[in-house]
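Shown next, in structure tokens, is the structure this report addresses.
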Amino acid sequence: MFVDQVKISLKAGDGGNGITAYRREKYVPFGGPAGGDGGIGASVVFEVDEGLRTLLDFRYQRHFKAKKGENGQSSNMHGRNAEDLVLKVPPGTIIKSVESEEVLADLVEDGQRAIVARGGRGGRGNSRFATPRNPAPDFSENGEPGEELEVTLELKLLADVGLVGFPSVGKSTLLSIVSKAKPKIGAYHFTTIKPNLGVVSTPDHRSFVMADLPGLIEGASDGVGLGHQFLRHVERTKVIVHMIDMSGSEGRNPLDDYKIINQELINYKQRLEDRPQIIVANKMDLPDSQGNLSHFKEQLDNDVTVVPVSTITRDNIDQLLYQIADKLEEVKDVDFSVEEDENLGVNRVLYKHTPSADKFTISRDDDGAYVVSGNAIERMFKMTDFNSDPAVRRFARQMRSMGIDDALRERGCSNGDIVRILGGEFEFVE
């Protein structure tokens with residue numbers, strides 16, 4: 001089964017908790033604090049595996065949770081860092097945030113990695129808070145929560161050649177006779193409902209990867225038919241092979257077919273207009289094909305390549321393969337992905353998901369309580385041990401330093417009012 005788009009949820013590992021401990025040894029009076037830090041939580045890492053061709057594995061498992069870092073120990077021993085959770089994806093995978101729709105990673109090369117959900121840092125043990133004024137602090141920090149987000153994985157096939165055209169023009173038949181691929185072939189429209197890849201070898205021992213894409217129809221760039229679902233696979237092909245039924249056996253005009261498909265490619269992504277294209281006039285064994293071909297060529301520029309073939313009789317197939325291989329050699333040094341990234345407004349390779357740090361918002365619940373939310377304050381809340389009075393006092397100082405107390409006063413919060421953070425309730429005290 002071919003799967004090229006899936007939504008999954010990721011949870012990076014929380015950092016291990018720091019601990020509160022003291023040095024207790026014979027002949028060492030006033031040994032002082034000795035609580036170790038927690039280990040770093042595991043990150044969720046995506047890695048390209050060139051042996052994969054589909055996102056099928058993610059269809060059956062859609063929730064991924066990385067391991068937590070170990071807690072700190074006494075004698076200033078730090079907890080062990082958790083091992084990253086590595087998820088293998090095929091080349092050409094784009095990772096997008098569901099919430100913001102921004103591109104987090106674009107992975108194209110074998111072994112390429114991207115950290116999409118970063119593990120939390122370990123909480124600090126009490127020895128890290130020792131100061132001359134407080135040489136024996138009796139509080140420590142919980143581990144930082146790991147990042148949690150939903151992402152969409154999209155696969156854009158990395159094929160050298162993409163076969164495009166209306167349904168039933170012979171794309172799957174061509175792929176089946178020039179490679180060992182076995183696409184489904186039938187005498188009805190949309191027999192191909194998923195892309196098929198095949199490795200093609202020419203008689204002079206040159207090879208390339210060809211993708212048979214499902215048939216396009218007018219309006220495909222707007223999602224009509226299979227639309228956007230498979231048009232994106234054309235984006236990374238180096239050469240477009242545009243197949244046309246020159247016999248007009250479906251009752252359509254070959255020239256109209258050519259113009260409609262080209263317009264759909266242009267409408268979908270403007271840069272495809274300049275992508276190298278070879279026109280294949282198929283079904284030349286049928287009546288009216290020669291006359292239609294002559295009229296077709298008269299309407300095109302002289303520099304447009306048109307190769308007449310018959311996938312049934314296999315006439316001129318080798319000549320077509322030579323033409324494709326020659327065109328690929330002409331553009332072998334052109335990186336079409338760079339052009340793609342410029343249009344997307346991002347740089348290829350990898351991106352880091354970084355929530356905004358110090359911003360917070362204040363709202364009111366129906367019962368009149370004030371609700372404070374924001375990445376930084378929620379992270380500090382989770383890292384605070386509320387069973388420790390010194391840790392609670394430190395949390396209150398952090399809220400004041402962030403300006404939350406002043407912001408609450410500006411919103412009308414007064415002595416004794418309830419303030420909520422992530423379900424925890426506090427009483428505002430002047």
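Even glycines carry a Cβ here, placed using N, Cα and C.
These features come from Swiss-Prot:
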{"type": "BINDING", "residues": "165-172, 190-194, 212-215, 282-285, 310-312", "note": "GTP binding site"}
{"type": "BINDING", "residues": "S172, T192", "note": "Mg(2+) binding site"}
{"type": "DOMAIN", "residues": "1-158", "note": "domain 'Obg'"}
{"type": "DOMAIN", "residues": "159-329", "note": "domain 'OBG-type G'"}
{"type": "DOMAIN", "residues": "352-430", "note": "domain 'OCT'"}
{"type": "REGION", "residues": "118-145", "note": "region 'Disordered'"}
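Look at the domain 'OCT' (352-430): DSSP puts its residues at 28 helix, 17 strand, 34 coil. Local packing around the Cβ, expressed as the count of other Cβ atoms within 10 angstroms, is greatest for S172 among the binding-site residues S168, S172, S310. Cβ neighbour density within 10 Å is lowest for K283 among the binding-site residues K171, K283.
Across the domain 'Obg' (1-158), the prediction's mean pLDDT works out to 90. Tertiary neighbourhood of the region 'Disordered' (118-145): same-chain residues 12-22, 32-43, 66, 68-69, 71-72, 76, 78-79, 81-82, 84, 352-353, 379, 382-385, 388, 390-391, 394, selected by CB-CB distance under 8 Å and a gap of 6+ residues from either end. Just so you know, the Cβ of G165 (GTP binding site) picks up 24 other Cβ atoms within 10 Å once every protein chain is counted.
DSSP assigns S172 (Mg(2+) binding site) to a helix in the three-state reduction. Taking all protein chains in view, 25 other C-beta atoms sit within 10 angstroms of the C-beta of P214 (GTP binding site).
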